[in-house]
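Have a look at the structure below, then the notes.
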Amino acid sequence: MATVPEPINEMMAYYSDENELLFEADDPKQMKSCIQHLDLGSMGDGNIQLQISHQFYNKSFRQVVSVIVAMEKLRNSAYAHVFHDDDLRSILSFIFEEEPVIFETSSDEFLCDAPVQSIKCKLQDREQKSLVLASPCVLKALHLLSQEMNREVVFCMSFVQGEERDNKIPVALGIKDKNLYLSCVKKGDTPTLQLEEVDPKVYPKRNMEKRFVFYKTEIKNTVEFESVLYPNWYISTSQIEERPVFLGHFRGGQDITDFRMETLSP
């Protein structure tokens, strides 16, 4: 009985076109299966021969699979065939099954479905004017007496998706217990600030539309809010009492753009 030699050092296998035998170190073994003369494309005067053998050995019960791909000249060929890239491609396409690579894309809705982090806070401008809801969709700044402080608007500040740069943090400002968010829109050629009603089943969300997003920047003990959609436009209040909160284009002038923020406990 033939012994199992080492695959590299001792085993020598040759293909016989006449008797379809796999010759080993000791004696020939009859092939279990054989596929010959496969037409894998135009190869000039050569052809491809694929031979597969399954041999079992009693000692180890191992299956040895030998795949031999041989290039041969026709016996009466007058010249040698030059091996080209197309020939290799034909061989590989036979051995390997080509499958398309599918790139899956996900919408932002799924990429940004993490819970939104938010805090409750109150805002007063540097003149200590409080922000109150004067009508369903109008926010005004005015001085309140101590017994009127319950009129002060409580904001739900959500930390949303966006580029953080130079200590600027993207946030959205909604009014607590209301489906209202501060948003920036253009009326004519001028960006303006408004309170926009939203669907509470959708908002707040991580990927807020840009009109709702402001860059919150801390400056000493105050904060300012710059529109992401309209850079260099800021949430502002007037020096005049009981004027609507608006979107201003100037800092450090008559318009007030810096606020004191009081964070409330959850």
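Backbone N, Cα and C define each Cβ position, glycine as well.
Listed features, source Swiss-Prot:
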| type | residues | note |
| --- | --- | --- |
| SITE | Lys168 | site 'Important for interaction with integrin' |
| SITE | Lys176 | site 'Important for interaction with integrin' |
| SITE | Lys178 | site 'Important for interaction with integrin' |
| SITE | Lys187 | site 'Important for interaction with integrin' |
| SITE | Lys201 | site 'Important for interaction with integrin' |
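Structural mapping of features recorded in Swiss-Prot.
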{"residue": "Lys168", "record": "site 'Important for interaction with integrin'", "contacts (Cβ under 8 Å, 6+ apart)": "Tyr215, Lys216, Thr217, Glu226"}
{"residue": "Lys176", "record": "site 'Important for interaction with integrin'", "contacts (Cβ under 8 Å, 6+ apart)": "Lys120, Val153, Val154, Phe155, Cys156"}
{"residue": "Lys178", "record": "site 'Important for interaction with integrin'", "contacts (Cβ under 8 Å, 6+ apart)": "Leu133"}
{"residue": "Lys187", "record": "site 'Important for interaction with integrin'", "contacts (Cβ under 8 Å, 6+ apart)": "none"}
{"residue": "Lys201", "record": "site 'Important for interaction with integrin'", "contacts (Cβ under 8 Å, 6+ apart)": "none"}
Lys168 (site 'Important for interaction with integrin'): secondary structure state under DSSP, collapsed to three categories: strand
